[in-house]
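Per TrEMBL, domain 'Major facilitator superfamily (MFS) profile' is recorded for 26-436. The transmembrane segment feature in TrEMBL is assigned to 21-39, 80-103, 115-148, 160-183, 245-269, 281-303, 310-327, 347-370, 382-406, 412-433.
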Amino acid sequence: MPGLSMAESGGGRDFPAKLTLQVFICTIIAAFGGLMFGYDIGISGGVTSMDDFLEKFFPAVYLKKHEAREDNYCKYDNQFLQLFTSSLYLAAIVSSFIASFFCKKFGRKPTIQAASIFFLAGAVLNAAAVDLGMLIAGRICLGILIANLINYATSKVHPYGWRISLGGAAAPAIILAIGSLAIMETPTSLLERGNNEEALRVLRKIRGVENVDKEYAEILNAIELAKQVKHPYKNLMSRSNRPQLICGTVLQFFQQFTGINVVMFYAPVLFQTMGYGSDGSLLSAVVTDSVNVVSTLVAVFLVDIIGRKVLLIEACLQMLAAQSIMGRLLAVHLKSTNMMPEGSAKLVVILICVFVSGFAWSWGPLGWLIPSEIFPLETRSAGFFFAVSMNMFCTFLVAQAFLTMLCHMRSGIFFFFAAWIVVMGIFAIFFLPETKGIPIDEMNERVWKKHWFWKRYYYKDSEINKRRQEIQDKSEEESLQ
């Protein structure tokens, strides 16, 4: 195998390494971790459009869906139906905090295994559910594209196709649990728990080379520095850390208020609202999710070439146009009880694909990348916890409210999200600094202290500290006299 460079984001140093079997396995395991979460996101929208599922758990929605005179925009307006989708994200806020503690105390490997068991239990509860409480309990325990492909296939399996869809979450959970047996504990986790010799052995096996002394020393140094941070959450609230906290959390807020998860969660419901049949709505969801997968690759290739801000700003223009035109089409062509013209419905599907592609190469991946780049060591864990919590809370909020908002705001819901896209575009232009190619340890000096707005949070602190030092020096001189 050819040698690869492994760069530490914090210090920007290169260490010798090879693409070993252990690294490959870890990559696959990480992918299945993403698949588990993505599957759970994608499966809910398809399942909530299946008649067998609605008839069993949401009979009122089932009756409204098939009532000829029922308002197109209000067929799915039900708080418990929305709770089925949104409950996952309240649980995620709590579980992310617990997972952080377990990782430090017991290591990454047993934490992954425990998560697999919880997810498997959730899949079993959902597949075997006989009432709404059991259904939501299963959600709390818990590949968007794969989820919708499965929904499309199982929609024809009556009356238990929805059980196959929900129970399918067990497959990635089982693979993750078995795969976790083959991976090693990380060197960082081993060093944090005092297993220094084992950490050195594991690092050599992961890198595929014997000479890992420099990297080993750097990891040790990073751990020692981290131990000196006694109050990360308190430090995060200091004035000089406010720019990162604001930008990191606001990015997560904006990411959800693009309206993206409305499409990810409720695409089949949206398409049925516009007049597509059950199969057509699920197939349209598969198309939009395929666009999502392909478009994400654009970000992978372009993010370090043209930078973060260019992608974010371009996507705002693209998403704004798509949302505005969709809102206008629905306002003109979709009334309370009519069928939307076929040509207009197809155009809406195309516009949703345009919207999804813009999000997928910008605010989707970069909403996570940028917070990982901007928080310094002393506030990194606390900062990312706030960012993740903001994301999960806003996801819960949007998922819980959307169907009700659709019923009351009708086509205006698209203009609601379009207005937020204008706000986030302004934020990206004027307040979000470019972080491309800047190591974390140089971020303050090269980015924040030079930014036209955020620099005031640093220079004022410097002036205060300088004044304090002058007062202290003066008092010491007076005491000596």
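From the backbone N, Cα and C atoms, a Cβ is placed for every residue, glycine too.
Away from its own ends, the transmembrane segment (310-327) comes close to residues 258-259, 299, 302-303, 348, 351-352, 354-355, 357-359, 361-363, 366, 411-415, 417-418, 421-422, 424-425, 428-429, 432 of its chain (Cβ-Cβ under 8 Å, at least six residues beyond either end). Tallying C-beta pairs under 8 angstroms between the transmembrane segment (347-370) and each of 80-103, 160-183, 245-269, 412-433 places 245-269 first. Using a Cβ-Cβ cut-off under 8 Å and counting only residues 6 or more beyond its ends in the same chain, the transmembrane segment (412-433) has close neighbours at 247, 250-251, 254, 257-259, 262, 308-309, 312-313, 316-317, 319-320, 323-324, 326-327, 330-331, 363, 370, 402, 405-406, 447-448, 451, 453-454. Per-residue pLDDT, averaged over the domain 'Major facilitator superfamily (MFS) profile' (26-436), rounds to 83.
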